[in-house]
Amino acid sequence: MAATAAKAANNLFLVSPPGLLRTPSPLPSSLFFKTLPKPSSSLTHKTLITASSKNPISHLFSPRKPSPDAKNPSNFHDGDDKPHEECGVVGICGDPEASRLCYLALHALQHRGQEGAGIVSVHNNVLQTVTGVGLVSEVFNQSKLDKLPGELAIGHVRYSTEGSSMLKNVQPFVAGYRFGSVGVAHNGNLVNYQALRAMLEDNGSIFNTTSDTEVVLHLMAISKVRPFVMRIVEACEQLKGAYSMVFLTEDKLVAVRDPLGFRPLVMGRRSNGAVVFASETCALDLIEATYEREVYPGEVLVVDKDGVSSQCLMSNPKFKASCVFEPIYFSNPTSLVFGRSVYKSRYAFGEILATVDPVECDMVISVPDSGNIAAYGYAAKAGVPYHQGLTRRSGSGRTFIEPSQKIRDFGVKLKHAAARELLNGQRVVVVDDSIVRGTTALKIVRLIKEAGAKEVHMRIASPPIIGSC
């Protein structure tokens, strides 16, 4: 039975207002109120597949038409029915090992982007850059980090939201303007990017990438104000959408977050006084920085030789619009996001599911790994044992081949293996964090059926995705 967690969820974290979740194509009706095709004749048992339209927190969302972006397959990994809108940023000021700490922090944020990584540091008033396509461990080695000395550094891991994954789009970006050089790393998605780019090109700007982040640098370059920080403010006043950014100059580090607070951005401090900005607190933990607070929505924080100063980018809006998918899926379970524990939120989702839509079952399993914590909560609340009925095969990351449709149908089996001896003859509740298109969910159910499950009941820990970011 497919259900969603649950009223009172808005007490667990800040739920975004309507229209903040990316919607690929609508969910297939076959997932709801319809029994899947019968198993092959070699399977003699009957399998019950039940479904439900219950959604106790649907009152928090109003219906919206899917965005035109929804049909864009670039928002998903091949064969992966999950949204991919996130990147990760890091900024460090005041530590002689800034670039190496940046490297370690990017490892902690690797789940936010696997297409590329980069670091920019400052040494002798010169910005030095290393970027590359691939994982952090593939881009950097000892010799490359040796080329990044200095006490100031910013870093980025990328999953493309605008622009392709080619090397020229890998951040941080570095540019020169009349009064010096600047580097920037951005997590977010600028919805008015195309309009801003067209305006800038009409006025003579020449773009080197297809990334939406580059428009920020061009807007800063054409600004008439002299102070660097005010150039950032003036540029950001023209942006619409999500942005949590860190900037670097020859002598300062700047962090800025959009006025609605779409994406997370936190500040911490190491024991030697070095200031650290990062997308999630798990990055602070890895480099032994103490979490101090979030960068507030609409805030600009400047770190230089005089310390840390704050100024408001815009007056406080009437509401925040923190992305609901951060605690549901994007963020590391060990992180605090929007001031709340990701682990505790996901565990509570599972508890709520077990309360609002119980079912007689023999075991609870999860779709690894993002469904694990909600499944723990469901099992504990229901008083039913949790088992690892599905395991994730090692090395089953994104594939860059284009197989035939017949081979592509093996995609779920390539990523997941079902424990036949455990599932055979059992009534199974399978918990996942979310459903986007529903294609993977159908294949997961079939995989469990083929392993001999007597009944399969799906439980989904998030509300339906009804609107685009």
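Every residue gets a Cβ built from N, Cα and C, even glycine.
Record note: TrEMBL gives Asp432, Asp433 as Mg(2+)-binding, and the candidate from Ser345, Ser370 in that site is Ser370. Each residue contributes its Cα atom, and for Ser370 (Mg(2+) binding site) and Cys87 (active site, nucleophile) these two points are 17 Å apart.
Here Cys87 (active site, nucleophile) is positioned 20 angstrom away from Asp433 (Mg(2+) binding site), judged by their C-alpha atoms.
Ser370 (Mg(2+) binding site) falls within neither a helix nor a strand when secondary structure is assigned with DSSP, and so counts as coil. Across the fold, the C-alpha of Cys87 (active site, nucleophile) and the C-alpha of Asp432 (Mg(2+) binding site) stand 22 Å from each other. Looking just at the domain 'Glutamine amidotransferase type-2' (87-306), the mean pLDDT is 94.
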